[in-house]
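Some notes on the structure that comes next.
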Amino acid sequence: MTSTPALQLRKAQHVVVFTGAGASAESGIPTFRDELTGLWERFDPAQLATSEAFRADPSLCWGWYEWRRHKVLQAQPNGAHLAIAELAMHVPKLTVVTQNVDDLHERAGSQDVIHLHGSLHSPRCIDCGLAHTLPLTSEAQPEDGSRIEPPRCSACDGYVRPGVVWFGEMLPEDAWGAGLAVAQECDVFLSIGTSGVVYPAAELPLRALGQGATVAHINPVRFDVSSQEHFLEGPASVMMQSLLREAFGNHPDS
Ligand code: NAD
Ligand code: ZN
């Protein structure tokens, strides 16, 4: 390795920022691997995030997603989301590819965001696929652990399901195609707050590396990476802000 991620960022034409649940952790959105608290502690999130779970107990599954959706509505973008949006002002092109189902990148000001795993804010009918609109208010925070009957589709009366990609489901083809294309085209690839175990998303850093991009991982918990990759150990907000400072100084236009 001859250069640092900050130096490469200065020369970059196209930066991809790839995020996982860890990028939203400092906004108070729990990752799947965090200890759950309260009544949800009794459930394994991976067991609630499947179509089988929804069909077996729609109210339990919908209650869990409504709880998560309200947590996101109440949350604010953190320093990492803001630093990513600011980075876009310094480089010719920046694409965010996120595994997150929240909208915190958009609310921080990022414009080019690919959602590989869908969104908590785009539910649809489980039978006919018709989009369903939910109120964008955080007033009625459901109690944790509570069951909520899902709404019904206005066209076919089927249950409305969360607009996220569940375990065992295919990624949306257009999002995956776009994510793969930018990973293979970029010159710097920053992978932030992802444990790299959820496939196929976890392939993206490898694809970027394979095409010669500088790849850096940001995570407070160290894991093994190849000798060609960089590891920046620390929370996303701290590491992103210091990377931005190191590469471009303190001012957006410096
Ligand atoms: P994951 O596999 O992406 O793992 C989370 C990673 O974040 C871990 O490696 C952890 O060490 C790291 N992390 C924790 N705090 C951090 C911080 N402050 N800064 C940087 N990194 C930090 O995610 P998961 O929780 O195992 O979830 C699996 C799937 O579910 C993914 O698609 C994930 O994105 C999705 N999910 C999304 C949200 C959300 O939209 N906010 C929340 C939970 C899960
Ligand atoms: Zn329907």
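Cβ from N, Cα, C; glycine included.
A TrEMBL annotation is a machine prediction, not a hand-curated record.
Site annotation (TrEMBL, ligand NAD(+)) includes Q99, N100, V101, D102, G193, T194, S195, N219, P220, V221; from A85, A181, A236, the additional listed residue is A236. Sequence-distant neighbours of S195 (NAD(+) binding site) (same chain, 6+ residues apart, CB-CB distance under 8 A): G20, G22, R33, N219, F223. Comparing Cα positions, Q99 (NAD(+) binding site) lies closest to Y65 out of the binding-site residues Y65, C125, C128, C156.
Note: the CA-CA distance between H117 (active site, proton acceptor) and C128 (Zn(2+) binding site) rounds to 20 Å. Following the DSSP three-state reduction, the secondary structure of C125 (Zn(2+) binding site) is strand.
A Cβ within 8 Å of the Cβ centre of C125, C128, C153, C156, the residues given for Zn(2+), is found for these other residues of the same chain: I126, D127, G129, L130, S154, A155, D157, G158. Annotation: G193 carries the greatest number of neighbouring Cβ atoms among the binding-site residues G193, P220 [cut-off 10 Å, Cβ to Cβ].
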